[in-house]
Amino acid sequence: MREKMTEQETYCGFIAIVGRPNVGKSTLLNKILGQKISITSRKAQTTRHRIVGIHTEGVYQAVYVDTPGLHIEEKRAINRLMNRAASSAIGDVDLIIFVVDGTHWNDDDEMVLNKLRRAKAPVVLAINKVDNIKNKDELLPFITDVSQKLEFKEIIPISAQRGNNIHNLEKIVRTSLRKGVHHFPEDYVTDRSQRFMASEIIREKLMRFTGEELPYSVTVEIEQFKLNDRGIYEINGLILVEREGQKKMVIGAKGQKLKTIGTEARQDMERLFDNKVHLELWVKVKSGWADDERALRSLGYIDE
C-alpha cells in the first residue's frame, strides 16, 4: 500500500518597517536578510524607495517593506513623495515594525504613531540602538511611558547594528505570518532589479563620502547596465545635483572624491552581483529636479 504524500504547510506575510528618518530601519532590514540591499548612512533620507526584502527560512517567508522615513516637513516634492511611499506601505501588511532611536522620542515619532493608530495590522515597537543607551535605568520608564501611547503587540529593545535581540524579533514576525504559499523562490532576497540596486549603492557612497557637504538634492540614474562579451557588467551612472558647487563637491580635488566613490561602489556591486563590474560615473547639474514631479517620475520616484 502506497503511503499518502502530504505537503508541509507554508507561511507567508508582508511586514512594513516604519519610523522617522535615521532610526536604523535599513540597518535592521539588512541584518535580518544577512546582506545589504537597503542603503544606510548616518544621514536622514537615505532610503527613498520602498525596498522589498525577502527572508525565507524553512516554511516561513517574510516579505519586508523598508520605507523612507516619515517627515513632518513636506515643502519639497521629493519629501511629499517619500511620505506617500511610507504611508502606503502601512496599508496592506500583516505586521508593522515601528523603529525608534533608543529613548529619543520626538515630534516625528509622534507623527508616525498617529498614522499607525489608523493601521489595521498589529504594531511591534522596536527600540533600536539600545547599546548606545549609557544609563540602562532610562529604558524601563521609557517603555512604561510609550506603552500608554498605543496597544503594541510587543515592545522589544534591539540593536540592529550589533544584531542584539534580532532573533527574538524574527520569532515575533513568524507568529504574524499567515498560512499560504510563498510569493517568491526561497533564494530571492529582493524583488528589485540589479540596475536599481546599482543606483542605490552609488547613492550610498555619495552620502558617505560627501560628509555634511552635500544636501539631499542628489540622485543617481543608471544610463547603461549590460553584460559584455567578456562576462563583465558595464555600468554607466549619472549623478544628478542641483548646483554647480555641488558638482565640484562630488568630483573633489583632481577628481579624487568621485574616484573613491566609484571604487567603493564598484567593489560593493561585485560582491552583490558576484561578478566583475566596470563602472563609469559622470556628474551633471539638473536644477530643481527634487521639486519637479515629472523628473521624479522619470527617475523612478513615482510608481506608474
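Placed from the backbone N, Cα and C atoms, the Cβ positions cover glycine too.
Now, the feature entries from Swiss-Prot:
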- 11-186: domain 'Era-type G' (DOMAIN)
- 19-26: region 'G1' (REGION)
- 19-26, 66-70, 128-131: GTP binding site (BINDING)
- 45-49: region 'G2' (REGION)
- 66-69: region 'G3' (REGION)
- 128-131: region 'G4' (REGION)
- 210-287: domain 'KH type-2' (DOMAIN)
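Sequence features annotated in Swiss-Prot and their locations in the structure.
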residue	record	DSSP class
Gly19	GTP binding site	coil
Lys25	GTP binding site	helix
Val130	GTP binding site	helix
- Name, in the order they occur in the sequence, the residues of the same chain whose CB lies under 8 A from the CB of Val130 (GTP binding site) and which sit 6 or more residues away. Gly102, Leu139, Pro157, Ile158, Ser159, Asn164
- Task: Go ahead and report the DSSP secondary structure tallies for the domain 'KH type-2' (210-287): helix first, then strand, then coil.
- Result: 29 helix, 28 strand, 21 coil
